[in-house]
Amino acid sequence: MAILVLGGAGYIGSHMVDRLVEKGQEKVVVVDSLVTGHRAAVHPDAIFYQGDLSDQDFMRKVFKENPDVDAVIHFAAYSLVGESMEKPLKYFDNNTAGMVKLLEVMNECGVKYIVFSSTAATYGIPEEIPILETTPQNPINPYGESKLMMETIMKWSDQAYGIKYVPLRYFNVAGANLMVRLVRTRSETHLLPIILQVAQGVREKIMIFGDDYNTPDGTNVRDYVHPFDLADAHLLAVEYLRKGNESTAFNLGSSTGFSNLQILEAARKVTGKEIPAEKADRRPGDPDILIASSEKARTVLGWKPQFDNIEKIIASAWAWHSSHPKGYDDRG
């Protein structure tokens, strides 16, 4: 057997590929367009193809040359909430339409398992905290809507073609496996990496977007999870499907929420740096609070996160940033 990782040259995807190669139990095939990913981030023992999953002839070639692929892990999607508000059609074209084209080729080639990188953004402003897998999904931005549409498309493809799927709904992803070759870099938009860039002196200050949320300190609250733990969850989800289980979704998070100001203070403690901060207006499409209940993943999949507190997650990312002050970029 073999696993195809879509988007395997990106931040989370490269952790996934490293984990698969580390286990050494099956062949690992990677597809990435390198629009946001880095070729050098792909483990040398993985088979790499550069291309777009929406190119069906290209994907047919990948499956034809790797007939032992029976499962796909899908990370290849645009994922910036703010950008999705400005360019919604870009997200529906790449994310949602891309899923249709992928599933058509998977069905044609007889590949029947897919583990999908979904998002907490499908819940929008959640009706309950912590968020359960059964919490109503009402996205408030095109990014979340595009991912929810992808989940719906997979549901009907399962019924029609028997392609079994597991959407893994991530909450905030942060940190770095010290053995991996990539953390978030290049035009960074995520809170923790920017905070650490300020600690390094790469940036002058961190902007805290919004101080009027319905939270104790006025900044929005998020649940954080380490990419190493996400990689383990993906492996468990593939095993779950291969055992003949039915399609189902899982939330992946630490089940503990931290506000932006709490993350800032924790980073100051871990790094020993002042980290200047300035408050700014809210970004459109950001909910007040997103905290997961990952009890289902822990019970059904046997998922056991190793990075179970925010300071540990920050410390792992800071170790990488400290040793790579200019970040990581193979584009010259």
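Using the three backbone atoms N, Cα and C, a Cβ is placed for every residue, glycine included.
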Annotated companion of Thr119, Asn172, His190, Leu191, Met207, Ile208, Phe209, Arg222, Arg283, Pro284, Gly285, Asp286 at the substrate site, Swiss-Prot, chosen from Tyr78, Tyr91, Tyr143: Tyr143
For Asn172 (substrate binding site), nearby residues of its own chain (Cβ under 8 Å, 6 or more apart in sequence): His190, Leu191, Leu192, Arg222, Asp223, Tyr224, Val225, Gly253, Leu290
Rounded Cα-Cα span from Ile208 (substrate binding site) to Lys147 (NAD(+) binding site), Å: 26
Binding-site residues compared (Lys147, Arg222) - the one with the fewest other Cβ atoms within 10 Å: Arg222
Cα proximity to Asp286 (substrate binding site), best match among recorded positions Tyr11, Ser33, Thr36, Ala77, Tyr143: Tyr143
Inter-residue C-alpha distance, Ala77 (NAD(+) binding site) and Tyr143 (active site, proton acceptor) (nearest angstrom): 9
